[in-house]
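Copied from TrEMBL, the annotated features are:
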{"type": "REGION", "residues": "320-342", "note": "region 'Disordered'"}
{"type": "TRANSMEM", "residues": "20-39", "note": "transmembrane segment"}
{"type": "TRANSMEM", "residues": "59-77", "note": "transmembrane segment"}
{"type": "TRANSMEM", "residues": "98-118", "note": "transmembrane segment"}
Amino acid sequence: MAVLRVKFTKTKRDKLAQVLWILNWISVVTGAILFSLGLFLKVELHKQGEVMAERDIQYVPNMLIAVGLIACAINFLGGKICYDCVDTTKFLRWKLIMLPYIICTFFFTFCVLVGALMCYCMHWELEESLNLGLTERTVDMLQMQFQCCGNNGYKDWFQIQWISNRYLDIRIRSNVNGKYLLDGVPFSCCNINSPRPCIQQQITNDSAHFNYEHQTEELNLWMKGCRQALLEYYTHIMQSIGLTVLITWLFELSVLTGVRYLQTSLENVLRQGDPNSESDGWLLENSFMETARMNLNIIKSLGKGNQIDTATNGDPNINVPSTSKAHYGPDNVPPKQITEDS
């Protein structure tokens, strides 16, 4: 029993072919969009490459670029096929190509879905990369651009000596293991929206500043860590791109469904011999279980056909009896058998 059988008249088949021609060209544009999004993401990741550890996080933009290029090629071909399928006679030139085209397009749409899921799953890889990268290097431009301070917060600056010994006031903090632990942050940590002058040195020393209690009042520093700020920035980009790719996948799937109906309905028209007659179209000629069983049997038969019979040394004619008559010379007389008596 066919799956999702639909009856098509000639008018409906022609309209379906015309609509699919338009949708395929729209899909070419969506492929270009995917390609552009992949390039955009690649550039954005490269911009902050200095604050990211050496981890393989470029696979998502690379996949988006590849999927975008393939989408343009596949849908360009699909548009040409659908345009010719308006004429039943022109369908004959594409008849043998359409089924392989549909199968390849099906696996391609699956790759688009995988790309959408990868955009959402990249969050964890990105978080780990930023966590390791920001531990090694932090820059003022980064903190000012993303309005953040330190890796996880401003107190991260207390753990490293970020001022040269040449300019370091030894009275600021005590010496531990040969390094002076600072009680301040770089100027780029200052919150530009705060009405109070920025307190970036001796932050935990209440007596060093007028009317100041660092434990109770709101500090005029960026309180968000740069890892969180960058992660939120890239997560927003990845979610937007993932949603776009997911919508593209649904669109490609609908176009693929329409092409399948067009193919099966036109093949049934050829069987009937009347180009103006009604015909049935379907997604699968048999049920899902029957289709899976048939494909499995085909794969098994191909595997058996490639096996070599070792008992016959691979000669398929060794057990076939000969039908030709033996020729025994010009007199056509078989030689006498030699016996022990002779």
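Easy rule for this one: first residue shown is 1, then count along the chain.
Cβ atoms here come from the backbone N, Cα and C positions, even for glycine.
Sequence-distant contacts of the transmembrane segment (59-77) (same chain, at least 6 residues past either end, Cβ-Cβ under 8 Å): 24-25, 27-28, 30-39, 41-42, 45, 101, 104-105, 108, 111-112, 114-115, 118-119, 122, 238, 241, 245, 248, 252, 255. Sequence-distant contacts of the transmembrane segment (98-118), counting only residues of its own chain at least 6 positions beyond either end whose CB sits under 8 Å from a CB of the stretch, comprise 34, 59-60, 63-64, 67, 70-71, 74, 77-78, 81, 242, 245-246, 248-249, 252-253, 256, 259-260, 263.
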